Amino acid sequence: MHLHHSDTFPDSHVHGSGTSSAAEGSGGRRRALRVGLGGPVGSGKTATVAALCRALREELSIAVVTNDIYTREDAEFLLREAVLPAERITAVRTGACPHTAIRDDISANLEAVEDLQDQLGTLDVILIESGGDNLTATFSKGLADAQIFVIDVAGGDDIPRKGGPGITSSDLLVINKTDLAPHVGADLQAMARDAEAQRGDLPTVLTAVKSPGGISPVADWIRERLAAWTAGPA
Amino acid sequence: MNRAALLVLADGRFPAGGHAHSGGAEEAVTAGRVRDVASLEAFCRGRLHTAGLVAAGLAAAAAAGYDPLLLEEAADARTAAPALRYTSRRLGRQLLRAARAAWPCAALDALATARPRGAHQPVVLGLAARCAGLTPLDAAHAATYESIGGPVTAAVRLLRLDPFDATAVLARLAPDMDHVAAEAADAAQRVQADGPAALPAASAPLLDITAEQHAVRGARLFAS
């Protein structure tokens, strides 16, 4: 398990559209940091969101937007696990195109983010979980200030080598389910090496988010990003 | 006259949230009423001459400069199903965001202030057309095209239809779209004198009923 530090925040200002994209929230306070979580189906995006909520909910005001593909399963899992009160979790439908809803046409997700902000008032972090997609999924800068890409060792240890925008450009790459590596014959060292080759200075975490303490490096990364976001120019 | 703006506004890639909506096609597919190219065409023809005509009339009137808040009431009166009112306002809110970025305009700002939770989508569409320098007939064309373009795309995804066959459905309905747009723009010319009652008020009861059924379905791909 390792975590490179990225201390810069080059894209902290969200550009473009509409009224909600400006960094200022209502009342001059900075709006919540929006973190997108993408990755293939079954890699552990929802488990990561759940673990992040458990790790951070005492110290931060958090809300979640899920982008379920077909059902409300992800939102309902989070509700069932009671990681956050129900009013802090919203589900968005994406019409069979999960990547469109986080990249090309972010309307519905922005609306969900705005509504959470309006209803809950002060929020520190909004986690936006994309529907399970492929290796090309990335979040628009109009929607997310930073993005986490979650893959897992059971999906094949060649995924970091294959690259794609999710692997190469995400602000944090989480290689999840390291506890399964011996059972599926995954070479963790190769995965870490390939990830570093693809990502340069961008950080990568190898962990198992469901294991005790497994979420800590991801939660620490969120804390860093939030500190940079809060300190940044409005 | 600024014709190219119509292509921007009517483009299915215009980021106004439409990609997540099927215009009732998903429920029709689930019920087995839309199952192939022929039944898709019949569905689209019915939708175009009812919901499409009503939307085109509202859009044309808004583009002509008629009071959008009065058109809001007219849209409510023509939208019986609560699920469809909700969908229309949500899509209107999303379109308003995109339109204000694309064609900044005091009229759009005023509507956003008056209706922070969203105005009816055809009203926003017409006002956006006006701010883009388009005519009422242009706005009506955008509304008619949108009324069946969304369902066709949804059907391609839901039924794995051949995309060429599906696009040919739209092409075959083009004369119908022209006719419906002209009728809507015609009605919009009378709205200043006769009020919103001059606008088309066709209804599609099956779309109303199935929209309500769809809204409470747990497993679905599209928001409407």
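Cβ coordinates come from backbone N, Cα and C, glycine included.
Keep in mind that this is a model prediction, so the values were computed, not measured.
Database features (TrEMBL):
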COMPBIAS  A:1-14  compositional bias 'Basic and acidic residues'
REGION    A:1-37  region 'Disordered'
DOMAIN    A:35-203  domain 'CobW/HypB/UreG nucleotide-binding'
BINDING   A:Gly39, A:Pro40, A:Val41, A:Gly42, A:Ser43, A:Gly44, A:Lys45, A:Thr46  GTP binding site
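Overlay of TrEMBL annotations on the structure.
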residue	record	contacts (Cβ under 8 Å, 6+ apart)
A:Gly39	GTP binding site	A:Lys45, A:Ser130, A:Gly132, A:Asp133, A:Ala137, A:Phe149, A:Val150, A:Ile151, A:Gly166, A:Val174
A:Pro40	GTP binding site	A:Gly132, A:Asp133, A:Asn134, A:Leu135, A:Ile151, A:Gly155
A:Val41	GTP binding site	A:Gly132, A:Asp133
A:Gly42	GTP binding site	A:Gly132, A:Asp152, A:Gly155
A:Ser43	GTP binding site	A:Gly132, A:Val150, A:Ile151, A:Asp152, A:Gly155, A:Asn176, A:Lys177
A:Gly44	GTP binding site	A:Val150, A:Asp152, A:Val174, A:Asn176, A:Lys177, A:Val209, A:Lys210
A:Thr46	GTP binding site	A:Thr66, A:Asp74, A:Phe77, A:Leu78, A:Glu129
On the domain 'CobW/HypB/UreG nucleotide-binding' (A:35-203), the mean of the pLDDT values is 93
Within 8 Å of the Cβ centroid of A:Gly39, A:Pro40, A:Val41, A:Gly42, A:Ser43, A:Gly44, A:Lys45, A:Thr46, the other same-chain residues by Cβ around the recorded GTP site are A:Gly132, A:Val150, A:Ile151, A:Asp152, A:Asn176
Counting across all protein chains, other CB atoms within 10 angstroms of the CB of A:Lys45 (GTP binding site) number 30
Reading the DSSP string in three states, the entry for A:Pro40 (GTP binding site) is strand
